[in-house]
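> So TrEMBL lists the following for this protein:
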TRANSMEM  B:12-38  transmembrane segment
TRANSMEM  B:71-95  transmembrane segment
DOMAIN    B:72-261  domain 'ABC transmembrane type-1'
TRANSMEM  B:107-127  transmembrane segment
TRANSMEM  B:139-161  transmembrane segment
TRANSMEM  B:182-204  transmembrane segment
TRANSMEM  B:242-261  transmembrane segment
Amino acid sequence: MTNRVFERRRWRQLPVALALLAPSAIILGAFIVYPLVKAVFLGTERCNSTGTRCIEGGWDQYADTFRSTEFQHALWVTTQFALVTVPLGLAFGIGLAVLAHKHLSGVGVFRAIFSSTVATSVAVASLMWLFLLQPSVGVLSNIGWIADAFPVIKQPGLLNDPGTALWSVALSSVWANLGFTFIIITAGLQGIPDDLYEAAALDGAGGTRRFWKITLPLLGPSLLFVLIVLTTRAFQAYGEIDLLTEGGPRPDDSTTTITYLTYGRNSIMATDQGLQATTAVLLFVVLLGLSFLQLWSLGRRVHYGD
Amino acid sequence: MAAEHRITGARLVGRYTLLGIVAFLTLFPIYTTLVAAFKPGDKVLVNPLVPDSFTLEPIMNAWSDGNLGRYLFNSFVVAMIVTIAQVATSLLSGYAFAMLDFPGRTVLFVAFLATLLVPIEATLVVNRRTVDGLDWLNTYQGLAVPFLATAFGTFLVRQALMAVPGELRDAARIDGAGHLAFLRYVALPVIVPTVGALALFSFLSSWNQYLWPNLITTEESMNTVQSGLTLLRRSSIDEPNALMAGTVIAAVPIFVALLLFQRSLVRGLTSGAVKG
């Protein structure tokens, strides 16, 4: 009998619940779910520049786009970008957090400094780095001994040389993400109880051993979170590329990532919404696969405490 | 005191030296930006590391010629709309998921969370068409409406409300409080820290949006700070002091906001990382 009472109460609460959920559901539905579903179908079409006239291109368009030189190139550029920014970001984040974690006097100042880049938007951070790296009006090329030691800084410039452009953008991106990474990992460190270290020290474990046996394993959840966020950000990188290199240098398109291929002003897709939708959906699929892969392969090994 | 915490002599000096070097490298781009933003044009590239002259002219010019005042205003309006709306919609939906029991609750909650898996870049092609179709290009509603709700906020509010004791709900009901009254007068005061963190997070995400304003803004006066910097980069690349002055103006409000709300920020950023 009580079951029936509860069941009736659940149904009675349904209208109120739906009313409370409606504002969120409408926005999420109209601007996340609908555009994703719509993009899947739009991805089968070829459109004119305004998207007013589209003709059916068929589902093959996904396979064709995926196999195209342009997409493969962008996928490779994006992968390289991620392979640089994610490990470097993690390493710097862990290093700085451990360095600034100790009970030193004045460590608060250093923490504030290391967190500071969280206040820079992608545009602000990118313009700061543009000013550092730009070959004619930049800082580095106008400091005599640096420009002499590394001629590439002046001619053709780190952002204009196909060999260095992507790494330069990556460096600016690592810097911009540093504050975020540092804050998360520092919070993770604070959750590790001091007596674990004390017990390990009593047992004769040195600093290096304590780092590998206690710090890293117990940081697991924070590191997994940072790993996934940094990977996602690397695959979504757009602002730094737009402001630093505009996808160039050409003709190699050395910094044309998938996102820049989709939305960039100079991209060959800039005027075709059908193709843009195709790459947007492919980006979603690639990112989803990566996130699941990371969660699946690492998630089981991460120690969440109790 | 454990051995761990006793660093002395040479090791202490070494640790501070290392911290100093890394701090210097972290601040270097910010330092060079500040130096350039307050130098006259003919001095910027002579000794770019030395603040040997000081003028407010680049800042004034960026403000008036670069139209940054207008862009700041636009960014502020959009970010405020988004923040207020995200807090409101998250409170309502988070309340429904945490406090009400109704058929389909789990399915709907999972559906909400699933939207977090969709990268924003995958939706913007169609969202631009939608906004164009509504005739919302170059408008505040075009900039703000797609971001008025967030599953992340719903999740945060739900988690916080789950910690509110059921007895409070029952007591309030006996006193005749409806759902909205309960949310407003009983639950909200308990979860203020969470709501503060969510508000700051929403404001920052909106303020920092780069791709979306660039996609739907064609009229110069409707740019946000971020898309305004894109324009400034194209027009002022040969005047680094003007460009850096614009960068400083764009960065200052967020630096100030974060100094004021540091605690909330750390809470907001880490709430995604801790076990739920």
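Using the three backbone atoms N, Cα and C, a Cβ is placed for every residue, glycine included.
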> Do the transmembrane segment (B:182-204) and the transmembrane segment (B:71-95) come close, with at least three CB pairs under 8 A (pairs 6 or more apart in sequence)?
yes
> Between the transmembrane segment (B:71-95) and the stretches B:12-38, B:107-127, B:139-161, B:242-261, work out which stretch tops the count of Cβ pairs under 8 Å.
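The stretch I would name here is B:139-161.
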> Under 8 Å for C-beta pairs, could you tell me which stretch among B:107-127, B:139-161, B:242-261 has the largest tally with the transmembrane segment (B:12-38)?
B:242-261
